[in-house]
Amino acid sequence: MKTLPTLLLLCVALCSAYPLDGASRDADTTNMDLLQQYLENYYNLEKDVKQFVKRKDSSPVVKKIQEMQKFLGLEVTGKLDSNTLEVIRKPRCGVPDVGHFSTFPGTPKWTKTHLTYRIVNYTPDLPRDAVDAAIEKALKVWEEVTPLTFSRKYEGEADIMISFGVREHGDFIPFDGPGNVLAHAYAPGPGINGDAHFDDDEQWTKDTTGTNLFLVAAHELGHSLGLFHSANPEALMYPVYNAFTDLARFRLSQDDVDGIQSLYGPAPASPDNSGVPMEPVPPGSGTPVMCDPDLSFDAISTLRGEILFFKDRYFWRKSLRILEPEFHLISSFWPSLPSAVDAAYEVISRDTVFIFKGTQFWAIRGNEVQAGYPRSIHTLGFPSTIRKIDAAISDKERKKTYFFVEDKYWRFDEKRQSLEPGFPRHIAEDFPGINPKIDAVFEAFGFFYFFSGSSQSEFDPNAKKVTHVLKSNSWFQC
């Protein structure tokens, strides 16, 4: 319940701006309550009331209104004018406000540059893969401008635990239903610190028809990394939700970049190669050309947030931080791996990439081939008639790996470590529109990308349809 002194102070601040007679009385009372709640939640009104009353040289409410207006980039009037009322009615982050790009008090930050995250539960508003893609994209926003990297955990504790909840949801800071507070997050540290919570009473969307999950997640994860709110209306870390119309062209403002780099420094000029000597790529007619319109790939896999495109003795290493991919000999990273590999895929939960050539396969972690490899593909359960794998992909959400051989495919259960019964099945049955001659495949942003010759097909595994057809080397900005 609001205290009488506070209500009287609110009346002093507001009566001159809004007459309290007739039909406007109820609306004015509602606006006053909204303002008081806003100042208490985001500008520490109750904490400072006694201090201001003792001084008796200004109204704490008027001063707080001025502080709020200045921070939000409004005209500083000290009154609840129409522009101020419009802003405080908008949906926003639940974390309190401070000025310019800011970090939490004491400047908490992670003491390591590789962080883990876990999506604890899901909103029913979106398919799971759409939630996964939004969170992954939100993390990439910060990864691109810092040395930070992220990997996902599917069980146990992660540095950043991401969850959806309504009202009272376990942290003593309840949500308020649809609108107003969209989400909140905690500064870096152990336990609940670093975690991000999203109000599931909101209508979460992939576009701007409701509340865009990617935009809110990118903002909240900024808090999880140590940033507080910015007074710059162009910044992602501005507290009031701003629905960008062109999500495909979204970029951090310089204010956001300055803030996060004040904590972690800039992104490295190129990915860290962990001391592996780089063998120069020899020139010659046999060297594949990145923007060759007829370029095809032998295999493609992700590796710790990067994408590896294999071709003959070489591979391109594509980081989302850098437009230009690196080009290396396979032997410069993994001397014992063969050239012209057949298939490759990453199991993120095991931090392992598997490479296939003929009837053998290898397991690599980072720059090291694991002991006990190569092994026969028949140890995975394939019949002896299978002599090579054309392409493979591991679905991180379903924890299934798909192996494509000619016009059929097998499915492997990563939990049970065995091929599933009922396979093989024809590719055309479950992947309509996909050329059965598959050279390579990998997953990104909730889609499967199938490569056949010089073209690729973006496939939605939930809708079971091809959504785009592109050139194979479009990932190289060709």
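FYI, residue positions are counted from 1 along the chain as it appears here.
Positions of Cβ are set from backbone N, Cα and C atoms, glycine also.
Under the heading signal peptide, Swiss-Prot lists 1-17, citing a curator's inference as support.
Under the heading motif 'Cysteine switch', Swiss-Prot lists 91-98. The list of residues near the motif 'Cysteine switch' (91-98) in space but at least 6 beyond its ends in sequence, with Cβ under 8 angstroms from a Cβ of it, reads 41-44, 68, 71-72, 173, 175, 179-185, 202, 211, 216, 219-220, 223, 228-229, 231, 239-241.
The annotation Zn(2+) 2 binding site is assigned in Swiss-Prot to CYS93, HIS219, HIS223, HIS229.
Sequence-distant contacts (6 or more apart, same chain, Cβ under 8 Å) of ASP200 (Ca(2+) 1 binding site) comprise THR123, PRO124, ASP125, PHE164, GLY165, VAL166. Secondary structure at ASP200 (Ca(2+) 1 binding site), as computed by DSSP, is coil. Taken from Swiss-Prot, the feature Ca(2+) 1 binding site covers ASP125, ASP200, GLU202.
The Ca(2+) 2 binding site annotation in Swiss-Prot covers ASP159, GLY191, ASN193, ASP195. Secondary structure at ASP195 (Ca(2+) 2 binding site), taken from DSSP and collapsed to helix, strand or coil, is coil. Taking a C-beta cut-off of under 8 angstroms and a sequence separation of 6 or more, ASP195 (Ca(2+) 2 binding site) has the following same-chain neighbours: ILE160, MET161, ILE162, SER163, ALA185, TYR186, SER224.
Summarising the annotation, Swiss-Prot assigns Zn(2+) 1 binding site to HIS169, ASP171, HIS184, HIS197. HIS197 (Zn(2+) 1 binding site): 23 other CB atoms within 10 A of its CB, across all protein chains.
Per Swiss-Prot, the feature Ca(2+) 3 binding site maps to ASP176, GLY177, GLY179, VAL181, ASP199, GLU202. Around the Cβ of GLU202 (Ca(2+) 1 binding site), 25 further Cβ atoms fall within 10 Å across all displayed protein chains.
All protein chains shown were included, and the count of other CB atoms within 10 Å of the CB of GLU220 (active site) stands at 25. Taken residue by residue with DSSP, GLU220 (active site) is part of a helix. Positions annotated as active site by Swiss-Prot: GLU220.
Among the features that Swiss-Prot reports, repeat 'Hemopexin 1' is placed at 288-337.
Less than 8 angstroms from the CB of CYS478 (disulfide bond) sit MET290, CYS291, LYS471, each of them six or more residues away in the same chain. Sequence annotations record features per position, and here Swiss-Prot assigns disulfide bond to CYS291-CYS478 based on similarity to another entry.
For ASP298, ASP390, ASP439, the entry in Swiss-Prot reads Ca(2+) 4 binding site. DSSP assigns ASP298 (Ca(2+) 4 binding site) to coil in the three-state reduction, outside any helix or strand. The local packing around ASP298 (Ca(2+) 4 binding site), expressed as other Cβ atoms within 10 Å of its Cβ over all shown chains, amounts to 22.
Residues annotated as repeat 'Hemopexin 2' in Swiss-Prot: 338-384. Broken down by DSSP into helix, strand and coil, the repeat 'Hemopexin 2' (338-384) contains 7 helix, 21 strand, 19 coil.
As annotated by Swiss-Prot, repeat 'Hemopexin 3' applies to 386-434.
Confidence over the repeat 'Hemopexin 4' (435-478), given as mean pLDDT on the 0 to 100 scale, stands at 92. Swiss-Prot lists 435-478 with the feature repeat 'Hemopexin 4'.
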Least surrounded among the recorded positions, given as CYS93, VAL181, CYS291, when other CB atoms within 10 Å are counted: CYS291
Counts by DSSP class (helix H/G/I, strand E/B, coil) across the repeat 'Hemopexin 4' (435-478): 5 helix, 24 strand, 15 coil
HIS223 (Zn(2+) 2 binding site) and ASN193 (Ca(2+) 2 binding site), distance between Cα atoms, whole Å: 10
Residues close to Ca(2+) 3 site centre defined by ASP176, GLY177, GLY179, VAL181, ASP199, GLU202, Cβ within 8 Å: PRO91, PHE175, PRO178, ASN180, LEU182, ASP201
Cβ packing number for HIS229 (Zn(2+) 2 binding site), 10 Å threshold: 26
Binding-site residues (HIS169, HIS184, HIS219, HIS223), the one with most neighbouring Cβ atoms at 10 Å: HIS219
